[in-house]
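The block underneath contains the structure these notes are about, expressed in structure tokens.
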Amino acid sequence: MARNKIALIGSGMIGGTLAHIAAREELGDVVLFDIAEGVAKGKALDIAEASPVFGKDSKLAGADDYAAIAGADVCIVTAGVPRKPGMSRDDLLGINLKVMKAVGEGIAKHAPDAFVICITNPLDAMVWALREFSGLPHNKVVGMAGVLDSARFRHFLADEFEVSVEDVTAFVMGGHGDTMVPLLRYSTIAGIPVPDMVKMGWSTDEKMDAIIDRTRKGGGEIVALLGTGSAFYAPAESAIDMAVSYLRDKKRILPCAAYLSGQFGQDDLYVGVPVVIGAGGVEKIVEIELNADEQTMFNNSVDSVKGLVSACKGLDPSLG
């Protein structure tokens, strides 16, 4: 049986980490693409030379020509400029929009049947633009943000309750930014709702509020600590989670920036919601019930995303 083909568009810190994980997990043969050809080829060769040590047979290659991604089953897009200290994700809009145009056209020409996962920021606007530029089906183009934001939320909750991260479930809705909506009411510790754990005296409402705030600012916290660049280990692991669910038809429920066509009262918009990912791509959107406060926060987050999409249309009239 032929191996899957994984195309990684962008060979920076996330792209290189993705390649390493994909090779170690033997998800398929890996192509690293980058306009800086030497970087893509160098990282591919470095990981390939490590493969005898970790004992896996995935083939790796690097390229600066989109023809190299031909026939890819999954494309993970990290191309673009990362954040620097003091920058918001939104500050990257103008630069990365041009990158999405080139990437979208490249995927449309060479890998039109791929499942496409976008990581480039500002995420919700970039995945929308990437879909527009590529013309691929909406269910085959999705943004990685919710899995990452939820992982951060889970980590902070596990730390606070002093339990294994394996026993913590949580998810975050809305745009990938400071208006994201971490949903405490839908978060559990081994099936016990987090608000009930608080009532039992395991923590306090004030500490939960602080964790929610830290989750919203989680990316910025790492940017400030690193000084140059942004997070790459957790984003890469999160995107691999999504790719595996697609390649193995696992039908996992994961929070992702998905296309809404009436769900949650929104239309023609990509924003973070829980979805089922299987062999058909985004197979279902899980339209959970939000209370009044949650709905207000979600609407506020959606408005922020709409503003970015409008800005994209202003920068590139072809998106109008």
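One-based numbering along the chain as shown.
Any Cβ shown, glycine's included, is placed from N, Cα and C.
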Among Asn96, Asn291, Asn299, Swiss-Prot assigns to the NAD(+) site of Gly10, Ser11, Gly12, Met13, Ile14, Gly15, Asp34, Ile119, Thr120, Asn121 just Asn96
One finds that other Cβ atoms within 10 Å of the Cβ of Arg83 (substrate binding site) number exactly 22
One finds that other Cβ atoms within 10 Å of the Cβ of Asn121 (NAD(+) binding site) number exactly 27
Checking the binding-site residues Gly10, Gly12 for other Cβ atoms within 10 Å of each Cβ, the smallest tally belongs to Gly12
Pairwise CA distances across Gly10, Ser11, Gly12, Met13, Ile14, Gly15, Asp34, Asn96, Ile119, Thr120, Asn121 (listed as binding NAD(+)) top out, in Å, at 17
Among the recorded positions listed as Arg83, Arg152, His176, the Cα nearest the Cα of Ile14 (NAD(+) binding site) belongs to Arg83
Argmin Cα dist to Gly10 (NAD(+) binding site) over the recorded positions Arg83, Arg152, His176 returns Arg83
